[in-house]
Every structure is written in structure tokens, then in C-alpha cells.
């Protein structure tokens, strides 16, 4: 090992550990805010978060870190780094450049604007008042356009730069390919389902299920999945979420509704999937910024795999329906098969977060197509309501009666989250593709599910996906694990098979 | 306003806000660790705490802060500061000098030692092995002696320097006076009580009380005291504690034991008292280091006032005993008077934290006298077991059968907490003295308690004590509120009256 490597490496690793410590502390503060922090303390807490975030950003963009990176990137030094260290240098360089390219003053203006814009959105959504929100949205878009200019649209279209924030390496060209295939096949499938005379009966779900039983049920299912309560905890919050503070402390939340047993049940499976990923990242990566999911899409593939591919499957309910009944004695008198059909009902709807497993993807594709129009074609906020409504009519056959249930429904754009929506459908596609490989590689895959023997599945996922954290890119993972690049055909086949059975198509 | 004031003040206030933000963030991290953080994440969490603590310490001891202080301390600038700003400059100077006088290397060594020593203490307590703990204790003492040398024993004895850490301005001379009086009167009072034929019957407390009922009861009592659930929350932890993150977010914990209804009940009153103090500090002080209790002793006076003076009083139980019974239907069939006597039983015991309201003070005086011997007379760890046992025989009439139940019982010394113990009895004395003033100033004080109208009491305390935070020193407060300096006579009279009635002396 040369002197140059020896000199910069420990300092670099210490800087990374410090950044990770700030990330963890901020993670606890955000978790706390969302799980019951007294509202009286919000103002002071926001200030604390502001101070810590500013200091973390200072570490992330410091001249010292720049020098450490430059030294470690020297070919002679770089060659002597371990694989993990090399990856860490590359990842850190990417983040460093991304952060450093935006002038501090511009970023501060943007943070203030984004916060105002989110508040304005909330108000405008409540009042169905798109006109008042429009100037904010245009400003947010204009800042994002400036960021793209500063970051540089390296390859492909301007929108690629935003996609890369959440799904590193993914291009608009590739998304056009996979989303195009998905859209073309799912639109007719949804129509066929709507036309089927064999609609599931969901009336028996319209009853009250005691919260205490729902809690026990959720925790029971989490244990079955392999969620470790020594390395995590479950709390309640308005909107369910998962947060991996470190692999030994991964927290999820859910929200129990007495009138809706499915909500907390499937959110536990969903957030539990995110949590399994984070709990099983290899210990070697702890204290580095590689200890996390490799992309939003891959992360979402794990939540959706457990929620939908496993959690809404027939074998799963052949095994767990009796258990479910036992948590609510005398309340569920239909068959396992009827229950399975009821939790898999498909129906075009206006609101993304209430959508079923199939039409959900159409909601995403609509947003993706609109985001491309904004960043690649220069479409302005004023045009969005009409475009939105037209696409809903075209893909889902329904039209929003107002903007509150249309273009104003999601918080994302108000806070500048462009390029993020595709992750959700990427998750569905990755999940279906991983599942197809599992069916081949794990002997008797569906029998295991039917026996309630889920740990071999968790084990397989840990080995193939979870343990690697950010060591592999999304495309390396999907190619390495399944032997093929991302292909929407797996999701189409999965949905077609599943719903052909349920709706007797 | 001169230019000099204008220049340094905003920067100084921003530094203070930043330090306060770090304190708050660390407060949340500690609270989280003690209320259910998954044990798997402890190591990474400790590292995060270490990084944030180090950065906070850097802000607290920075050259910039030193320059800001020096500028603001110039008579011309200082005269133009508001009262709060002046106090803040003085407080910050005190902390700054205290921190800056200890070389970083020495302090780091000490932190490592203290952590090892605490672990060693735990092990040695379990094994009743004082000999193995002795060298650690001697080392801890020797560091503390070095700190005293560095800080400078400004006035009085060397031990005064340690006292000042927890009770600013308090001297050994004054403590000798008040503790001397207390000891001389409480030792014979405890003997008379032990000899009384009228011992309360506590047998009816030996039954199971459902945890759910205990929780409801505790929260009900907290609401009655005026604890705001919009500005605080209640959780569970192994050892109950209170933490004021900011006046709008003050958290307490308790621990429920099915076999012991008194434990959670009185810990709720105790921690609730600490919380009322922190919740009612004036908003002007938020974001400054003056937003907190003025000393450990004054803080403890509030917890002890609510726990003992109010919470173990006859009028309180004349009002709340029926309520208590209603939480546990059919379980409590004795009279309110018998209940009152049972929760006020006095009995000399070996363990401080299990001691009653009266003998508790003797446990503290023993520790105080030993701490003086260590720091003023150079007594070594090896001599402590014999001294300890002799004092227990002398003041409490009982002798520990081993060191685990003797000199090894408290964690404090293992972690270097010398000068802290007196706070507990100071709290009792302050509480009795404040209560005597309340009886004169609040019309029908005990009638209010008997009516369950506790809010005027909270209001009085807020006005006289809580709102001021650290704006007033402990001696300014006790003198200002009661018109007299600290006087142990109030506690002696309170205890004598109370127990003369209960034990028919």
C-alpha cells in the first residue's frame, strides 16, 4: 500500500462515518416527528433539523472531502482500495459533484420555495384551486430545470438527469420501452376485467375489525416474513413508512382503521418488505453510505413483492386465512378463495394510492408521460390539468370531476419530486421478474408459501439482493439475479395469469 | 446601540441556537435509546451520538464563541444587552471556561475511563466485589481532583467546585449548616417513628393492579396536575425519567409493575413535576441555553413537591382515593385514611431509591459527608466501605450485610457524578420551603388540593419559578419566592407534623 492511500483513506472513511451518523440522527428526528412527537415542539424541532441538515451538507460538500476524493481517485491509490472502498469513492464522488454543482444560495432559495409550495399545495388541494398553485409549480419546475443545467444532462434527454436521482443509470429510452409495453398490454387487460361478469364479492369486508386484533395480526405476519424485532420496531403514523436507521434498527409504521382490515394488513406486508431489505444489508457496509437500498425502484420491488406477489397470492391465503379468522373469531365466514378474490378486486379509480395492483401502473405511466412533457417538451403547469384528465380518460376510462381528485392529488410535484414516480412501477416490474427467477431457483416456491415456510424466500432475497446494499446498481442486480435486463413482460404475464383466473377471462 | 454590539450579538445568538439544537437532537436520541430503540442498532447509534456530541462540544469551545463572548463582555456592549442577553452571556462564559480549561486529551481519556468504570461497577455490584471496583473509583476520583485543579477552587473548599456544577453558587459551608440541622432532627424523629406502636397496615397493597388501569390512572393524575399532552408525552422505560427537549416537547416515562401500584403512580407525579417546570418556561427563552431548570436541586424540588408534599398528602387522597378505587373496582376496600397511612410508611432501609420521604434524606447526608471526605480530606476508595457502613449504623441504625447493598448500590460515583447527591435533599428542603410560602400566599391552599383544583397551584409555580428557567439562580429564587434563604427547618417541621399525626407521636 502506498503512502498516498494510507494517508487519505482513514480520513475519508471517518468523513463518511460522520455523514452517516448525521443521516442516522436526522432519521431518528424525522421518525419521531411522524410517530407522535408533541405538536407543541414542532417549531424548535424544525430548527434543530435545519441546523443538523446544514452541518451534514457542509460535511458532504467540504473542501477536505474533495481533496480526499481526488487523492483516492489517483489510479495508483484507487487500485489498492478494496471493492467496497472503490464503490464508496465512486458513490461519494457522484453525490459530491451533485451537491457541489448547485450554488448554496440557489439551493437555500429552493428549499424555502419547496416548503412554501408544499403548504400551498395542501391548501389548494383542499380547495380544489389549481390556479393558485400553478405559479408555485412553475417555479419549482424552473428550479429543477436550472438544476438539470447545472448537473448537466449527461446522456439522453433532460429528464434522464432526474430519473438518475432515484434509479441510477436508468434512461428515458429504456423506460419508454418497458412502460410502452406495459401500457399497451394493461389497458386492454383492465378493460377485459371491467367487462367480466365474474366480479368478486367484497361485501364481507365491510365490517369492523378490532384494532387490537389487527395489531397482533400485523406483527404475526411480520414475524412470519422474517422481520426481526431485535433489529426493528413497529409504530403507528398517519401515513405508513419504513426507515432504515442502520441495519440493526429498521423501523416501520402502519395505520389501523377499524373499518378497513386490508389497509394495515397490506401496509405491514409492504413496509415489512422495505424493512427486510434494510435489516439484511451486510454488516461490512454499516457506517458507510453504501448501507441502504440501491435505488427507489429496487426498494419498491421488495415492498411490492411481499405485499402483492406473496401477500395477495392464493397459496399465501390458503395458509394464513385460518390464522386471520382466528384473530377475529366469528367475523369471517366466507371461504379462503372468496377472501383471496375480494382482496384482489380490480377497478379503475381516480386516486393512485387507492389503486389496485394492476391499474396502479397506469397511474404511474400517466405521471411519467407528463413529467417527460414538462422537462423534455417545456410544457407549463397551466397545461397540466387538461393533459392529466385526457390521459385518465384514455388509459383508465374515467375522468376526474375536479383537480383535487386529478392533477392535485399527489404531494410529490409540490416538493420538487420529479423523476420519482416511475420507481413505483419499476418496483412492480422488478418484483415480477425476481419472482419468475425464484420460481425456478427455489424448489417448490409456491409450496413453501402455502406451508407458511417463508424464511427460505427471505434467505434467497438476502443472498441475491439485500446483502449487497448499494454495492450493485439496479441494472447489475436485475441482470445478475435474473440473467436478463428489466423486461415488463414478466409483470404482464403475472397480472394476466392472476386476473384471468380471478375474473375467468 | 454601538456597532460592536450589533456585530457580535446576532452571531452569538446563532451559536447558542445551534448548541441548543444539538442538545435537543441528542436529547431525542437518548430518549429513543431508553424508550424502546431496538438493541440491534445500539452500536451505530452510539457512534452517531459520539459524532454529534463531539460537534456540539466543538461549538461550545470554539474560538469564534470565545471572541463573541469577549466582545459582548466589553462594558459598553454589555450595558446595551437586554437582561436575558446579559444572563446568557454570563452563563455561556461560565460553561465556556469550564469546558475550555480541560485539555481535550485529558477529557477524552476521562470519558473512556468513566465508561469502563460504569461497566465495571455494574459487574462488581452484581458480584459484591468492591476490591475489583476500587482502582477504577480511585482513578475517577483522581481525574475529578485534576478537574478541580484546572477549574480552580474559587471559594471555600475543593468540594465546592463540584457542588457548583449541579447547584450553582451553593457552598459546602451552607450545606453543612442545612444538612447538619436536618440530620440532627431527622435521626431522632426516625427513631421515634420506629418505636411507635401505631404502624400503618400496608398488607392491602400486596395485590395485583392491572397495568391498563395504572396507565389510565397515571395519565389522569398528570392531567389533573396540568401536564399538557400537546406539549409532552408519556412512555415506558426501565427507569422513569423526564426530558425537556424544548418547552413544547417535554417527555416523561414511567415503569408499571403489576404487583406495585405505588411505583408508577408516584413516579408519574414525580416526573410530572419535573415536566411541569420545563413545559412552563417562558417562550422568550426557547432556543437559548437558559431554557431549562436553574439547578438540579430546584428541579428536584418540583418533582418532590408534586410527588410528596401534594401527592402523599391527606387532602390529596381525600379527593382522589375514590377515583383511584374506580380504576380498580372492588380491589381497594380500606378507607382513604388507611390508604394515606400506608403510602406514608417510614422504615429505615439500606437502599436509597427504595427509601421513604423521611429517611431518604439520611441516605443523602451520608453520601454528602463521604464526598466531602474524599475531596477535602483525601480519603481513598479503600476506606469507603467501612465509613459507609459506620454511617448507616449511626444515622439509620442498620448495617449493610454486604457492599452490594452498601457502598456499591449507586451508579453515580462510577460515572464521576460527585456533588450531585445533595440535589435530592435540596429538592426536599426547597419543596417544603416553597410549600410553606404557598400556604400563606394561595388562599385555601389545602382546600384546593382537597377539591382537586390543582391548576391554581401550577399557576403559582409557573409564575414564581417555572417561567424563569435559568434567569434566576437557585438562591435568588428561594430568597425571592419565600423571602428567606434556604432553611432546613421547613422540611423538619413538615415531616414532624406529618409523621406525628400518622404515627401518633
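The count begins at 1 with the first shown residue.
Just so it is clear, glycine is given a Cβ too, placed from its N, Cα and C backbone atoms.
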Residue among B:236, B:258, B:300 sharing the Zn(2+) site, where TrEMBL lists B:270, B:274 as binders: B:300
Set of same-chain residues at least 6 away whose C-beta sits under 8 angstroms from residue B:270 (Zn(2+) binding site): B:240, B:303, B:304, B:306, B:307
Local Cβ density at residue B:300 (Zn(2+) binding site) - other Cβ atoms counted within 10 Å: 26
Chain-internal residues, separated by at least six, CB under 8 A from residue B:274 (Zn(2+) binding site): B:242, B:244, B:252, B:293, B:299, B:302, B:303
Proximal but sequence-remote residues of the same chain as residue B:271 (active site, proton donor/acceptor) (Cβ under 8 Å, at least 6 apart): B:240, B:241, B:242, B:252, B:253, B:254, B:303
